[in-house]
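Data block below; observations after.
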Amino acid sequence: MASSCAARPSAWSAALRTASRSDTAASASVRRSFAAPRSLNASSTRPYSSRNARSSSTAVCARSTANFQSASKLQARPFSSTPRNCYKTVEEAKSRYKLGPFSMTSAVLFFTAGAGLIVYFRYEKERVQRQRIAEQTKGVGRPKVGGEFSLVDQNGNTFTNEDMKGKYALVYFGFTHCPDICPEELDKMAEMIDEVKKVAGNTLRPVFITCDPARDTPAVMKAYLKEFHPDIIGLTGTWDDIKGICKKYRVYFSTPPDVKPGQDYLVDHSIYFYLMDPEGDFVEALGRNEPAPRAAKIIINHIGDWRGKLDRD
């Protein structure tokens with residue numbers, strides 16, 4: 001009886017120790033299952049092991065390497081090859097913010113382009129206006145200026161209206177004994193010739209026609225015109241020839257009545273430059289108040305607008 005009672009406590013102690021070990025093992029298993037992540041395989045329910053951890057770490061590294069390589073390829077593309085500018089200081093960032101997207105270079109280019117467009121459109125506007133006026137004056141309202149004539153130049157050769165065609169002609173009426181106005185206008189004509197020649201070449205034919213044929217012989221005209229410009233063509237003729245061409249060009253002139261041979265006198269006449277186109281048609285009259293640079297610019301503009309054949313020899 002005594003041995004039986006002594007054996008029972010030992011059996012109970014063994015059972016309790018076995019149960020305690022089982023509880024400890026189960027608790028440890030539960031802790032491991034909650035502490036360690038599951039395997040990447042969704043179909044597996046086993047706890048995360050060290051082998052699975054190594055596989056997961058390898059996969060993460062592979063993905064990171066692939067992402068880095070993709071990012072490197074993107075950075076190597078042409079549009080992203082240039083690195084972005086970084087600001088070294090806060091002051092530089094503020095200065096850049098105040099300036100905005102425009103720099104000094106872009107501002108200069110912007111205003112230069114704007115000025116060029118303004119000049120271009122202004123020139124085109126003036127050209128269209130000149131062309132419109134020229135087309136309108138070709139009708140009934142156009143003044144009849146010019147026509148057929150036959151005179152003698154300073155070299156004694158015959159010169160007609162056909163000899164003026166092919167180029168623009170600038171015609172002026174005066175006389176060699178004029179004390180002031182004619183020399184001033186011929187000086188202006190010489191300046192106009194040079195200005196036009198710089199831009200348009202040899203496209204202008206200057207002509208000086210006398211209103212005093214009694215004194216202005218070819219020899220007198222030749223000596224007189226040498227003082228102004230070698231390109232000026234001097235024309236003279238008989239009294240009837242000069243009277244006829246002055247009438248065709250609407251030029252007023254008069255001499256004192258009862259003038260005796262050898263007597264000095266003045267001739268009153270109109271003071272205009274008559275611009276004729278290469279076909280012999282009247283284009284524009286330039287008055288005395290028109291300065292030489294502006295008059296030359298007007299002639300150059302007309303030459304530039306001409307669409308027909310133009311003699312440059």
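Just so you know, glycine gets a Cβ as well, placed from its N, Cα and C.
If you look up TrEMBL, you'll see 17-56 marked as region 'Disordered'. Here TrEMBL flags 17-39 as compositional bias 'Low complexity'. Per TrEMBL, compositional bias 'Polar residues' is recorded for 40-56. Annotation source TrEMBL lists transmembrane segment at 102-123. Positions annotated as domain 'Thioredoxin' by TrEMBL: 140-308. Summarising the annotation, TrEMBL assigns disulfide bond to Cys178-Cys182. Annotation comment: TrEMBL describes Cys178, Cys182, His269 as Cu cation binding site.
On the backbone, the CA of Cys178 (disulfide bond) and the CA of His269 (Cu cation binding site) stand 10 Å apart. Summary of the Cu cation site environment: with the site residues Cys178, Cys182, His269 set aside, the chain residues having Cβ atoms within 8 Å of the Cβ mean position are Phe173, Gly174, Phe175, Ile181, Glu185, Cys211, Val267, Ile271. A separation of roughly 10 Å, to the nearest angstrom, links the Cα atoms of Cys182 (disulfide bond) and His269 (Cu cation binding site). Counting other Cβ atoms within 10 Å of each Cβ, the disulfide-bonded residues Cys178, Cys182 show the lowest value at Cys178. A strand conformation is recorded for His269 (Cu cation binding site) in the three-state DSSP classification. A coil conformation is recorded for Cys178 (disulfide bond) in the three-state DSSP classification, outside any helix or strand. Around His269 (Cu cation binding site), the C-beta neighbours below 8 angstroms that are at least 6 residues distant in the chain are Phe173, Gly174, Phe175, Cys211, Val251, Tyr252, Phe253, Ser254. On the 0 to 100 pLDDT scale, the domain 'Thioredoxin' (140-308) averages 92 in this prediction.
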